[in-house]
Amino acid sequence: MGFIMDGLDAEDYDRTYGDRELLRRILSYFRPKLGAMVLVAVMIVLSSASQAAMPLVASWGLDEIQNGTIAETGWRLTLGLLLAGALGWGFNFVRQWQSSRITGDVVLRLREDAFDAVLQRDLSFYDETPSGRIVSRVTSDTDDFATVSTLTMDLISQVLMVGLVTVLLFMRSVELALLTLLVVPVVVGIALLFRRIARTSTRRAQRSLSRVNANLQETMGGIAVAKNFRQERQVYDEFRPINQQSYKVTLGQGFVFSSIFPVLFLVAGLATVALTQLGGTAVLGGRLSAGDWYLFLQGVALFWFPLTSIAAFWSQFQQGLSASERVFALIDAPPRVVQSDARDVGRVAGRIEFERVTFGYDPDAPVLRDFDLVIEAGETVALVGHTGAGKSTLSKLITRFYEFQEGRLLIDGHDIRTLELGAYRRQIGAVPQAPFLFSGTVADNIRYPRAEATDEEVLAAATAVGGGDWIEALPHGLATDVGEHGRALSMGQRQLVALARLLVQDPAIVVLDEATASVDPLTEAQIQEGLDVVLAGRTSIVIAHRLSTIEHVDRIIVLDHGRIVEEGDHATLLARGGRYCEVYNTYFRHQSPHYRAGTGFVPVAAQG
Ligand SMILES: Nc1ncnc2c1ncn2[C@@H]1O[C@H](COP(=O)(O)OP(=O)(O)OP(=O)(O)O)[C@@H](O)[C@H]1O
């Protein structure tokens with residue numbers, strides 16, 4: 001999971017939280033689990049005590065053997081061991097089970113909050129943030145956060161364990177206890193050294209794996225192009241060294257990880273040798289009982305396991321904290337589109353007025369400057385212009401996906417910033433160039449904007465578009481499965497579904513980005529008929545790519561570098577011989593049924 005984070009550059013909305021603020025946020029997720037957490041704490045104390053009791057009972061047994069009284073107390077010894085073992089197991093089970101539940105519940109809530117935040121973000125957020133990074137925040141970062149809580153509970157129990165054992169050892173023999181404590185700095189030193197090496201090798205492994213992933217993702221994304229140009233061999237040759245590098249780095253990581261425990265065993269072994277020697281001599285000299293001696297030998301083992309994990313714990317703890325910081329930054333990212341009021345103006349008529357609007361994706365580089373435009377209610381307007389002229393930008397402002405910097409945008413005379421956004425957006429039907437269909441049937445997709453639409457309504461909408469002939473061409477009619485992203489349908493069919501979907505929505509304003517992909521003449525005619533039905537009686541802004549559209553709209557607006565350079569209807573503008581004619585010659589001329597290559601140019605008058 002961590003590999004997604006390594007090399008992850010900070011996003012615009014990332015922020016650094018103060019320790020107290022971060023802790024407050026984290027605790028706010030744990031607060032509802034207070035009861036369960038108290039239970040876990042009690043279980044931790046009890047299970048640590050019963051674990052520490054095991055060697056204690058055993059050492060007492062040894063003393064009994066030494067004293068020759070084992071025959072009388074043997075059954076108590078067995079019972080004591082059994083009881084300590086059973087209780088330890090029981091306490092541990094409750095602890096693990098409860099902590100898994102707490103962690104699971106916290107991650108569930110955190111993920112829900114993160115996903116909710118993702119859905120609330122403006123469209124600009126998605127333009128600026130690669131989707132993979134958003135996904136990693138909602139999935140792997142919340143997981144890392146969970147790891148912190150699990151580790152914290154482990155840490156507490158281990159610290160308790162070490163504390164209990166230390167007290168026991170000192171009660172038996174101060175001299176040997178001090179000797180046992182000598183192991184501590186050695187084990188901690190090795191663990192810290194290991195942590196550093198492990199972190200470097202893990203990071204390398206994660207990065208190499210992310211290279212493999214990136215390469216695979218790109219290959220899959222462009223597989224059609226690669227196959228078209230028969231580049232499979234080259235793609236494979238590019239993949240091999242990347243994969244081999246990952247193999248080598250992962251092997252190195254495996255080596256580092258498998259060497260730590262033998263080294264720690266060696267230290268523990270040496271400590272045991274020293275204790276055996278010194279303790280054995282003490283037992284023989286009568287200064288120490290055999291039971292105490294045994295307890296010390298056990299003490300070493302009980303000591304160094306928790307110590308190693310405590311030392312290794314910190315890097316994961318830090319990782320988890322920064323993961324939680326990233327998740328909170330996602331949740332707290334301030335919205336760009338801000339409404340000053342939430343007026344519900346009912347169904348709008350659809351008059352749109354841009355009043356000296358200035359807007360830039362980057363405020364320092366405006367795309368529109370002091371832009372004025374009025375679109376009357378019910379009017380159909382076509383936006384034309386060269387690529388990058390600002391056509392899509394206008395539609396993004398009308399749909400209120402982006403916040404403009406200056407001026408006013410009025411809908412039926414109301415400032416767009418004062419409208420109740422949900423109610424307003426429901427009245428806008430936006431159709432992108434390549435309509436997106438969700439997995440499911442054609443009917444499901446038509447019903448998408450209004451789940452309660454009846455089968456009859458869905459059928460009526462589908463039939464109204466292009467006379468409904470296209471439904472018969474589908475293998476199972478409206479019940480046809482559209483496949484992932486609508487891949488089982490042709491481009492033309494997807495557009496027809498999108499138009500029928502619009503009819504079910506019944507918006508007051510339609511913002512349509514016409515598809516540039518050419519379809520067969522029959523589908524083209526069906527789409528044109530469908531458009532006539534869908535746009536009738538609504539304010540429509542069409543980013544036009546088809547000749548039949550610009551011939552029929554009420555008004556054509558020619559945009560150039562964010563400015564209106566000409567407007568009027570098709571015939572008037574053609575006759576004028578201005579900027580529209582340039583655009584016409586470039587994009588529309590060849591769509592005429594009478595077109596022959598190199599013909600059909602409209603004369604353009606010299607520009608002043
Ligand atoms: N998300 C974005 N972030 C930054 N700049 C953008 C973004 N979208 C568009 N632009 C820039 O804004 C300007 C206008 O783009 P816009 O998409 O409105 O043009 P367009 O007329 O719709 O072009 P096309 O016909 O190619 O879609 C261009 O210079 C473009 O590079």
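Backbone N, Cα and C atoms are what each Cβ position is placed from, and that goes for glycine too.
As recorded in TrEMBL, the features of this protein are as follows:
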| type | residues | note |
| --- | --- | --- |
| DOMAIN | 38-319 | domain 'ABC transmembrane type-1' |
| DOMAIN | 352-586 | domain 'ABC transporter' |
| TRANSMEM | 34-54 | transmembrane segment |
| TRANSMEM | 74-94 | transmembrane segment |
| TRANSMEM | 145-170 | transmembrane segment |
| TRANSMEM | 176-194 | transmembrane segment |
| TRANSMEM | 255-275 | transmembrane segment |
| TRANSMEM | 295-314 | transmembrane segment |
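Sequence-distant residue pairs (6 or more apart) of the transmembrane segment (74-94) and the transmembrane segment (145-170) include fewer than 3 whose Cβ atoms are under 8 Å, leaving the two stretches without contact. For the transmembrane segment (255-275), the residues of the chain that approach it from at least six positions outside its boundaries are 176, 179-180, 182-183, 186-187, 190-191, 194, 197-198, 201, 293, 296-297, 300-301, 304, 308, judged by C-beta separation under 8 angstroms.
Only residues 6 or more beyond the boundaries of the transmembrane segment (145-170), in the same chain, are considered here, and those with a CB under 8 A from a CB of the stretch are 26, 30, 40-41, 44-45, 47-49, 51-52, 56, 95, 99-100, 102-104, 106-107, 110, 176-177, 180-181, 295-296, 299, 302-303, 306-307, 309-310, 313, 316-317, 319-321, 323-324, 327. Averaged across the domain 'ABC transporter' (352-586), pLDDT in this predicted model comes to 87.
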